[in-house]
Amino acid sequence: MASNVPPTPRGSFPRYLEHLSGSGKAIGVLTSGGDAQGMNAAVRAVVRMGIYVGAKVYFIYEGYQGMVDGGSNIVEAKWESVSSILQVGGTIIGSARCKAFHTREGRLQAAGNLVQWGITNLCVIGGDGSLTGANIFRKEWSELLEELAKNGKISEEAVTNYSYLNVVGMVGSIDNDFCGTDMTIGTDSALHRIMEVIDAIMTTAQSHQRTFVLEVMGRHCGYLALVSALACGADWVFLPESPPEEGWEENMCVKLSENRARKKRLNIIIVAEGAIDTQNQPISSEKIKDLVVKQLGFDTRVTILGHVQRGGTPSAFDRILASRMGVEAVVALLEATPETPACVVSLSGNQAVRLPLVECVQMTQDVQKAMDERRFKDAVRLRGRSFEGNLNIYKRLAIKLPDDQITKSNCNVAVINVGAPAAGMNAAVRSAVRVGIADGHKMLAIYDGFDGFAKGQIKEIGWSDVGGWTGQGGSILGTKRALPGKFLEEIAEQIRAHSINALLIIGGFEAYLGLLELSAAREKYEELCIPMVMVPATVSNNVPGSDFSIGSDTALNTITDTCDRIKQSASGTKRRVFIIETMGGYCGYLANMGGLAAGADAAYIFEEPFDIRDLQSNVEHLTEKMKTSIQRGLVLRNESCSENYTTDFIYQLYSEEGKGVFDCRKNVLGHMQQGGVPSPFDRNFGTKISARAMQWITTKLKESYGKGKKCVSDDCICVLGISKRNVLFQPVADLKKETDFEHRIPKEQWWLKLRPLMKILAKYKASFDVSDSGQLEPVQDQNTQGEPAAI
């Protein structure tokens, strides 16, 4: 397919990773410790990227145990060895806890086995224990080799040839308990399992007016408990890092009965498996259940989720994360020198970074130490800003202060949904309403977009009106594509009539265009001179000013799940190619990232023009593929990628050209991509970004309130988004020049850099830009500039 090399910033030279640039290297890949969904995607990326650059890649089966035992546990991996594993949970190369590797004798054996195969580069996928072990091994390497030579196990020549070992780690753990990375591989999938259970339990609890106590995994880390509590709006959560204050028993019971008094028919309490009180005594699910039954007499049940959370197919987020990390790990090994310390490839905001392994492990151990010493504030701080931010937002959204304790701002803030519905919009509205009420504002809901705004469909919305909204798909407020341009007079009138002091718009590209129209009309209508902020929510992910938008993760999961099923349907028939059309308007995000997550052979997008020769080369590529053991193909096409090369045209071309070699089927996914319950990522992202938007509104209102000041400057009308590592408020006026209005997409899109990744993993040659990779960063210095975007 046509190579699309992204533009490079002036004054910097792009560095590209070329085909066969790492020949001669031998890389060993192993998974160790507890398994996690997405590990296979990481193994696949390491194997294929390694082979692509010309290295030899070896599977080390059963983790460190296989390294110590050697023999048939170390096997060279081929391209086909990792086909069809992207959608499989767990790890195909096995994982085991290994006592022998803790001893020097065990490590001596392991070194001998690696030297036999010439492996001097290790890629370890596991938790902090596995990574610590790898680092000890790296430090001892030269001594171990000398000892092996002395014992006559290896030659002196081998000692010289394999004089140093390079180690790169990737964190695979559902607990997300590793400091230095925003998300570990497996965490998002575990949250999917937890939310599926909670959604199911909520329906039965509602019927019987029950209280449910749910225990989730996470060992000594409360991340899963905290995020699932945030994502489902739980009444109470117990975390090891932030134990409840003395007298929590009474406080919790008061809170539960208050919620029942507000006509809430159910209560959900989430407990982390390592939950403790301030005296470090465990708090068990049974203890909480007995307390609720005894004090309140509520019908209460306990559900312990257990190993369900580790299982199942990896989410789209985990597949993409693991693929990006796996490729980055190979690049890090290619660039490593004898002096390079062991590093961990991790995620900061939306960027892959390399961090020193030792520092990350040290910081992770410091959290446990702080908890043991009952320094709980330090423990929360050490877990990272994302954890701290989640905890603060959860507290604000879960617990309503009595009205007499809230200082009234005498401001009215309106919330509106604009454009097509996107999963997660309701979570964003709930969050905005509750944060607004906590800040002392009167919150108004505008129904049916700008159309409803003009007609005066505006009502006050209260704290309990938005209860249970996080898990609902679509848009409860109603949404329309109509722009405000033709209703400016009426909208100005409604702002005056309802004395609206600020406006929060949740929507897609129409919301962005609407914001521009409102901004331009400020000269004519002074009512429009109020703070306005937009939170991007669209499955297409095409809003300028943000790397992500609410709803696109849910759509991506729908596409990935459907592709998995479609691929499975071909496993019996063999020699079949599927052409799948995705949504997104002119934006190729869903087709490209869906292709990466589902392991597609090609993805046609508008941003990368293609012609008949590219289609021809893809057909030839698939013809070659049918000769191997992988006898099926998957091709994604964005709905507007080409006026003439339609889905039907591509289907007919492939059918004609593939005659006798493969047959074709086509599938248009359509509106199922807009529906469905929001994914944990979208619930969370919607909740957090919307709460941040309300804080901005409150600050703006404090600046202008009482001074009778009108908001006329550009920075009063902003788009809130995530850009690389930071959360940014960007004036809509500044974003204008970054927008391709004809095709409704930003002129520059971050994900195009991942395009070669999809091609390389599908066995095409492509230039992969590694300009952003490189330097090891100290752990503490991350996100020193700007406001960190922890996803």
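Cβ atoms are placed via backbone N, Cα and C, with glycine included.
Curation does not apply to TrEMBL; its annotations are automatic.
Listed in TrEMBL:
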- D175: active site, proton acceptor (ACT_SITE)
- D128: Mg(2+) binding site (BINDING)
- S173, I174, D175, R210, M217, G218, R219, E273, R301, H307, V308, Q309, R310: substrate binding site (BINDING)
- 27-332: domain 'Phosphofructokinase' (DOMAIN)
- 412-697: domain 'Phosphofructokinase' (DOMAIN)
- 1-399: region 'N-terminal catalytic PFK domain 1' (REGION)
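Once the Cα atoms of S173, I174, D175, R210, M217, G218, R219, E273, R301, H307, V308, Q309, R310, the listed binders of substrate, are compared pairwise, the greatest separation found is 33 Å. With every protein chain in view, the residue among the binding-site residues R219, R301, R310 whose Cβ has the most Cβ partners within 10 Å turns out to be R310.
The two recorded residues, R301 (substrate binding site) and D175 (active site, proton acceptor), show a Cα separation of 25 Å. Cα-Cα distance from M217 (substrate binding site) to D175 (active site, proton acceptor): 7 Å (rounded to the nearest whole number). If you take the Cα of R310 (substrate binding site) and the Cα of D175 (active site, proton acceptor), they are about 10 angstrom apart, rounded to a whole number.
Looking at V308 (substrate binding site) and D175 (active site, proton acceptor), their Cα atoms lie 13 Å from each other. Long-range Cβ neighbours of the residue listed as 'active site, proton acceptor' (same chain, at least 6 residues apart, Cβ-Cβ under 8 Å): G127, T184, T187, M217, G218, R219, C221, Y223, L224. For the binding-site residues M217, V308, the largest tally of other C-beta atoms within 10 A is found at M217. Note on the binding-site residues D128, S173: the fewest other CB atoms within 10 A surround the CB of D128.
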